[in-house]
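So that you can see what the record holds, here are the features copied from TrEMBL:
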TRANSMEM  28-46  transmembrane segment
TRANSMEM  52-80  transmembrane segment
TRANSMEM  92-115  transmembrane segment
TRANSMEM  135-159  transmembrane segment
TRANSMEM  190-212  transmembrane segment
TRANSMEM  218-238  transmembrane segment
TRANSMEM  245-263  transmembrane segment
TRANSMEM  269-291  transmembrane segment
TRANSMEM  303-321  transmembrane segment
TRANSMEM  327-344  transmembrane segment
Amino acid sequence: MNFLFFATYFVMAVPSGKLIDKIGYRKGMMTGLGLAAVGCFLAYPATGMRSYSFFMTALFIQATGITILQVAANPYVALLGSRGRGASKLTLVQAFNSLGAFVATLFASGFLMELSGLNERSYFNMSPEEIRNSVVQFVQLPFVLLGVVLVLLGVFLFFSRLPRINTKEIEPLVLESNPPRTQVWQFSHAGLGALAIFAYVGAEVTIGTYLASVASDLAVLYWGGAMIGRFVGSALLVKLSPRKSIGIFSIIASLLVIGFMLIDAQISIYAIVAVGLFNSVLFPCIFTMGIDGLGKFSEEGSAMLIMAIVGGAVIPFVSHAMIEGKAGFILPVICYIFVAYFGLRGSRYPKRTNFY
């Protein structure tokens, strides 16, 4: 299921960018919320019917909606208002994303187990059929609750008066080339930004998956560190350079992973948990630098960057399938080194008006 969800970013990001180019950011966000809600509600009958193909179809619809939402919302937040504070604003938005993931990991499982009847008090008194029915309810409930929340957000967005952003007539800040650039991949910093997103998400998911397999409490600490780092980082990035932040944070993350690999003592596990804190600002900063100065190519650039989230499916698979044990974490180390390169060198380009 994780592979399907991440693969959907790769398949649907470009069509999402073209859609948003036609209907605008606000309608794009509403479309994404609506489609994701439909996918959530379809998961209810799919689970009840115990149909794998139906459930995967519902998950694909949900993931498509989330892809549209990401392609629309991320550049909208980054481009809204002062250009120099794009990374700070997007980090704050991502902080609430992390808050949702943290709260869900910390509280949702116990709450949903109570609602579905899978608590310790009743589990051992249930028949096999009752257990199967409770498991179905345990899967159905979060999808229904999430679907309702998405609908409410869509309604709120429909009645809100968000400022309009029109990038179609904005020329890129990059120095003009001969012949003129006509495709977003011709902007080197955008292409390298997509590779950096691929590497970052892949490394983050690889570590998160490992910690979840070792102990769920460690995974909570890992994602909690990302949440705290984003709330703090959103304030710090008002003053700090996004490029330097990418470089410093990714270098520290790589050193922590290396420490985890080289130290045999049990304390080494806390080094890998601490990576979550230094992951915190990487995605918003990489994204902001990746679309920086693209002007009328911003929607296409956003789609290309979101497409690269497929790294969350590819890198964990390669890391776990090809190399066993701690040695498998050499791939996340390489990923963080590349992210550092993007922040310090790859994100720079000759501008018509230098800003950062």
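Note that the numbers count up from 1, one per residue, in the order the chain is shown.
Cβ coordinates are placed from backbone N, Cα and C, and glycine is handled just like the others.
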Among 28-46, 190-212, 218-238, 245-263, the stretch with the most Cβ pairs under 8 Å to the transmembrane segment (303-321) is 190-212
Cβ pairs under 8 Å with the transmembrane segment (218-238): which stretch of 28-46, 52-80, 135-159, 190-212, 269-291 has the most? 269-291
At a C-beta cut-off of under 8 Å, are there same-chain residues at least 6 beyond the transmembrane segment (28-46) that contact it? List them, or none. 16, 19-20, 54-55, 57-73, 76, 139-140, 143-144, 146-147, 150-151, 153-154, 157-158
Please indicate, using numbers and ranges, the residues of the same chain that are 6 or more beyond the transmembrane segment (269-291) and have a C-beta under 8 Å from a C-beta there. 74-75, 78-79, 86-87, 90-91, 93-94, 98, 189-190, 192-194, 196-197, 200-201, 204, 207-208, 210-211, 214, 218, 221-230, 232-233, 237, 242-243, 245-246, 249-250, 252-253, 256-257, 259-260, 263, 298, 301-302, 305, 329, 339, 342-343, 347
Is it true that the transmembrane segment (327-344) and the transmembrane segment (190-212) have 3 or more CB pairs under 8 Å, sequence gap of 6 or more? yes
